[in-house]
Amino acid sequence: MSERMPRRRGPSAPRRPPAKPLEQSMTPPARWAGSLERLAALRRRPDPAVEVDVIAALTERLAVLLAAGVSATSAWSHVGADSASTADREVLAQAASAARNGEPVAPAISAAQRVHPDASAAWQVLAAAWAVAAESGAPLAASLRDLAAVLRDEAQLRREVRAALAGPAASARLVMALPAIAVLFGATLGFDTLGVLFGNPIGLVCLALGLVCLWAGHRWNAALAARAGRSRADAGLELELLAIAMSSGVSIDLARGLARRSIEQHVPHAGDGLEVEEVVGLAARAGAPVAELLRAEAFRLRRAARSAGAERAAALGVRLMLPLGLCVLPAFVLLGVAPLMISVVTGTLGGAT
């Protein structure tokens, strides 16, 4: 048997080194730039008023499509939210998918929002209203149109509170910069304030205490601003849901059960039912239409929430004096005045010897 001659192979192509991951192949400046962009994206907080406005516009589009005779399935598929965030678009996609598959839309919205907690909180309101209208048989177009007006009122409330807080918040940021300005001012005048802060035992103590005071003042300012900016976004929501259920012609007891169950499932932190009891009792005594009284009371509650937000913003300017006097001014003395005095004294004593 003849042996099989080995096949001659041509020169093998040089092997390519394995591709490096994208981050490893980037130059250090590019990596730093990418890190800074990611950090800026994390620190960038969306405007809550804009988020609510986006859902209000989406709700109004749904109402217009439904009023034009478009089915709910097609309406959810055609409506869009171009200016919405990525999380809001994901919630919208889940709602459209549920409508397309014949599944309840409201539970799909709530489930999607649990998966995407960054989505607008107004989705909960839309889910609650959709659930009430679907279960009671109320006209969806009219109900969604009323809900869009409610959401626009809420967005306007948040804008007014944010505008009222802008002045006190800017003042707080300016005051927090005073200690750093004092340190630079002393160094500009020729005093060794930085050397005292970092090279003198007393200066190190002043530096540590001053930074602690600055940190405490910053946290205190942030807590006061957050408390002042907290608004009751669900003001009058249960009344609006009850009015939607009543517009279908169901009994008051059934409407209250639907509204209460929808609140518990989608917006559990909203309302306690006290306003509903008062309005229903008034309607029963006077024989007036309940739905109109409910909407009027809901509007009054939203107006009261707006006034309360303006009052909190006005009081914030006075409350910010507390961290200013107890934290920022001591930090100013510890970081700016004390190193300056220590530098003068040590320089004078050194010159005398």
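Along the chain as shown, the residues are counted starting at 1.
Note that Cβ sites are derived from N, Cα and C of the backbone, with glycine treated the same way.
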- Task: Would you please say which range out of 50-70, 197-217 has the annotation transmembrane segment in TrEMBL?
- Result: 197-217
- What are the DSSP helix/strand/coil residue counts across the domain 'Type II secretion system protein GspF' (59-185)? 102 helix, 0 strand, 25 coil
